[in-house]
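Chemist: Below you'll find the structure I mean.
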Amino acid sequence: MEEKPKSTTPPPSVSSLRQKFEQFLDKTDKGFNATRNNYRGPVSSSTGIINDKEKKSHSYFKVREEGSNKRPSSFSASNPITPSSPQSTHSSPIYRGVGYHQYSSVNSGNSYSGSGNNINNIINNSNNSNSNNLYGNNSNNQSSGSLGNFLIDKLEYSAATVTASDLKRERQQLFRNKEEFTMESSSYGGSTIGDDDLDSLNGSSSQQFNHRNSSWADRRERFIKKVMNGQFNEVQMRDELNRLRDIEADKIRAEERRTPSMNMDEFKAIEIERLRKKIYQEELVIFRQEEIEKIQREERIKIEKEYDDKSIISSQERQHIVQQIINQKEDEKGSSPPFPIPLVVNNNNNENNENDNNNNNNNNNNNNNNNNNNNNNNNKNIDLTSFNNNININSNNNEIKNNVIVDSDDEEELERLEQLRRQREIERLREEEEENEDRVERELASRRRQEEDRIKREEEEEEEEQRNYLRRLKELERIKQIEEEEEEERERQSQLQSSQQQQKSSSTQRSSNTVTSTSSSSTGGDSNPSTSQKPTNLLNLMGSNNNISNINTNILSHSIVNSSGGLPPPPPTASHVDNRSRSHTLAGESHSSENTPLVSSIDNNGVNNKMSRSHSGGALSGLALPTAPPLPNQPNVNNSNNNNNNNNINNNHNHSHNHSNNLHQSALKNSSSMSTPSISPSQAGNSATSTVPSSPISASTSMSSPTLVVSPRKDELTTSTGSTRKGSISEREDKKKVSSSSTSSSSSSNGGLSSSGKDHKKDHSSEEKEKEKKSFFNKLFSKEKKDHHSSSKSPSSGSSGGGEVDEKKKKKLSPRVGTPFNVKHDVHVNFNADTGFEGLPKEWEVLIKSNFQEPEVMQHPEEVLDVVKFHAQYQGLASAPAMHAPSIPLTDEPPVTLNDLISLDDPKKIYYNINKIGEGGAGEVFEAINSRTNQTIAIKKMKLKAQNLKTVINEIGMMKNSNHENIVQYIDSYIVADELWVAMEFMSGGCLTEVLDQYRDIQLNESQIAFVCQEVLRGLEYIHKFNRIHRDIKSDNILIGANGEIKLADFGYAAQLTQIRQERNSVVGTPYWMAPELIRGNNYDFKVDVWSLGIMTREMAEGEPPYLEFPPLRALFLLTTQGLPPIRDAHKWSKEFNDFLALCLEKDTEKRASSSSLLHHPFLKRACSGPEFYKAVDAARIEKENQLQNFANLTAI
């Protein structure tokens, strides 16, 4: 037979299925055989190429070897067909060509395999099963045979859908996402078969098949049926397969379009949600089952209870029967398996009984009795029906079956009851636990409410006390103002009366006064006591602390007028008076005449009595101070001037004093215990041979004690001239003008004083003023008297007429009194070398007695009082002078408020995993994670109160404006309820104190100490550069980072120096680390931080700061009096270390080094690195954990 050339193109495409079929019928068997021979060679070669491309491109057409045949496991990537599925068995003709080619590529394609028989059988079966051809009238047996041969030819030796172009197009579509693609029919040389054509091929007039909406399985089955019926040629099968693939690809692409692209996190979230829903559904099913079981159990229990109530046997009998059954089963445990098998034993017995009954049919009654006995003895039936109904068993078989059922029911019933009892017990325990938890929560809530109510009540009470205190202060201020106005009015009247009386009496008593003044100015001081007895008694009465309150105000005013006009000559002084007294510096106001002496008081027996201490300006009665060396003697040149002046003054005094003597005769009897009078500075300075009487604050023989001066009182005091005094000693210049102007007429009538006497008086007054300025008590309380000085000045005596009316209007009390401000609590203290301090508050006395010894108080009174005052202010005692907040803002700009510093965000939404890690005096510290940055930060929570508001604002402002690598970074601050949350940088290494607490086991070497000092100095240099002071440098405020970073923290006590206020004097900080100038209350600057750094350096070297073994008050006293103790084992430390300490701990602030200069010290060159320092931190942390573990083990034992 002549071979036809190989066809390179498929059959031409037609539009109608009938045309295709007619073209198909024209082919004969011969043509088919020729076509088969022509296609064998090329197909095998092309199949090899295809197989190579499949290996290279990793096609989705995978094959599985079943016996000697290989079949693909799937057709396309989007529509897999598993070989194990039942549908895959129907598709063997479709993929038969592929399996054959893969097989023939190995066997050169020259022989048929066993698969040919299989497909022949399939085709023959299909032809035999379809005797009537579906293609129409032209079909016959020959066409059926030719169709079978064609299918054998085309399906066995050629691939159904796989070609090189198919693989290329499939691969391109796989990597071109979401792009439409179809397999065009032109590539196969055929035409596309529509749904109408397929339906017409099937010959069905029913509804057309919907490819788009049908499933893959339906389309596959439809295609297989058509192939099995022989309705497709090669082109049609390819087109149909392409159609099926395109439909599935379109569905997949449409699904991808509806489903947006997602990343891995979203995919995980979706999967988690899907699993959660699945678990929820499963839990719901389980829950429903449990509910159903619960309802069933309840119903069963209800039925059992009703059944028990109807039972004829009692509960005791039932329990007895159950107990017998349990005992019997325990006895049989030795021969029985570990689990009970009651039914098996009963069956065996029953079988034996059945055999006996079969053998002995005549003895039925005996067997029945035996069965009954076995039932009673072995089973102990608790079936209540047998007892209630008393059933008589007639047949042995029925009795055996009943026994088996009863035994099984009894066992199940017991197990069910036991399980029910356990469940009830579990539920009861669960309910009790829930009730306990609810009760605990209610109790906690009630306690929390009670605590909040208590705190609220305490705050309200504090506010009420504050309001009452302010109200009392207002009332006191009002009363005081009224009294001052009344006293000023009386003083004006007395001055007017005294001036009138002086003019009337000056002309009548001039001669007699001249003689009296001459005798009073003698150097020996031997004047007649009788001539001055009456005025002396009057002044003694006025100076007495015991009787001053009993004198009528009008009489006192009259006596003041008489005394201002003139005074009798001074009495002779006793020889035992100490000449070393310097208490004249405490004398009252200056007299009308510069050299007028004070008059001593003489009792009825003619004995000199010292004047009360309250007379000379002291704040307390009965207090004493150590005396001073005697004053230098003055030349006798001014004696004549003194005599002349005394003549003129005493001229007017005798007349006025005679009038007042009769009014106070009754009061003079009580003045016998008066003390020695005081002498004014003018007397002491202008009398060459006069002796200076002892101070009203006592004359002592102690020479070592320093001279102290009594601080002034705020209430009114009567001076030696009779005028009232409302101010402190520093007001004498103002008072001097008043008294001098009131007596100017009398002094001018006698010719005045000589110029030399005036000059000497001025020189001596300036000396006394310098002494007062240097006085300890003035220095201590001078700042608290500034406002009082300006308000207590008395008006001049020469004012009259309209001037008096204007002053009245100015002094008139307004109907509304404003809120008091700058309220002070002055403490008036005196020192006696014999008795110690006098006039101290009770708290101060307790502090001194409990912390100081008597010799220390005598030797260092100023230091003791300094330390006590500092401690009182630091501890906030009630009687301590108030610490006034600085009125200067932190900067020259307007002051910052809390609203300017806080953020309005909710910190609970920003931070999570908030865990407490510590607490202190200022508040609690928490560790949290910032959700925005995913960084660990620290949160400091503080209660907002009026007392700490300024401190909080100061700390936040300082941290916010400080950006340095050695200062803890500030993040933000928030207000949550009544708390302030300050978010800052988290330092995982803790504070330096935690390392120093392990000093016994871990000591820092010099390089590590130098590293800490270097980092701290860098931070101090930064804040000092911006004129800020930290004022609380200590180990607790030095924080350590994860890599050994050192940073400053806690700026609550920090201060900002300004152009106006370049120094500070407020008492803040921690006592053991405070500089001496800060303890004494002197002005200080940046150098206090350097001192604190030196103390902290010693703390790192010795494990604790100096004097830590003493109480704070004692430590402060030792620091101010004895200085710092020498460092322990000084020889172990290098010369540079000791020099660095000396520069830091220099008492003289001028010589003390600054932070910038210390950064260049040679000691800091030995500093180690941060990681090396952190080794010590890590070792201290491990040591602390070990200690805690050991302690926990001990407590557990």
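Including glycine, each Cβ sits where the backbone N, Cα and C put it.
So Swiss-Prot says this about it:
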REGION    1-96  region 'Disordered'
COMPBIAS  34-49  compositional bias 'Polar residues'
COMPBIAS  70-79  compositional bias 'Polar residues'
COMPBIAS  80-94  compositional bias 'Low complexity'
REGION    328-383  region 'Disordered'
COMPBIAS  346-381  compositional bias 'Low complexity'
REGION    430-468  region 'Disordered'
REGION    485-543  region 'Disordered'
COMPBIAS  494-523  compositional bias 'Low complexity'
COMPBIAS  524-536  compositional bias 'Polar residues'
REGION    562-819  region 'Disordered'
MOD_RES   Thr585  phosphothreonine
COMPBIAS  593-615  compositional bias 'Polar residues'
COMPBIAS  636-653  compositional bias 'Low complexity'
COMPBIAS  671-707  compositional bias 'Low complexity'
COMPBIAS  718-727  compositional bias 'Polar residues'
COMPBIAS  739-756  compositional bias 'Low complexity'
DOMAIN    817-830  domain 'CRIB'
DOMAIN    911-1164  domain 'Protein kinase'
BINDING   Ile917, Gly918, Glu919, Gly920, Gly921, Ala922, Gly923, Glu924, Val925, Lys940  ATP binding site
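Where in this structure would I find these features, and how exposed are they?
Modeler: Below 8 angstroms of C-beta separation, not one residue of the same chain at least six residues beyond the ends of the region 'Disordered' (430-468) sits close to that stretch.
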Chemist: Counting every protein chain present, what is the number of Cβ atoms, excluding its own, within 10 Å of the Cβ of Glu919 (ATP binding site)?
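Modeler: Glu919 (ATP binding site): 12 neighbouring Cβ atoms within 10 Å.
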Chemist: For Val925 (ATP binding site), what is the secondary structure state per DSSP, taken as helix, strand or coil?
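Modeler: In three-state terms, Val925 (ATP binding site) counts as strand.
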Chemist: Across the domain 'CRIB' (817-830), what does the mean pLDDT come to, as a whole number?
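Modeler: Overall, the domain 'CRIB' (817-830) comes to a mean pLDDT of 47.
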Chemist: Among the binding-site residues Ile917, Val925, point out the residue whose Cβ has the most other Cβ atoms within 10 Å, with all shown protein chains included in the count.
Modeler: Val925
Chemist: If you count Cβ atoms within 10 Å of the Cβ of Gly923 (ATP binding site), leaving out that atom itself, what do you get?
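Modeler: The answer is 18 other Cβ atoms.
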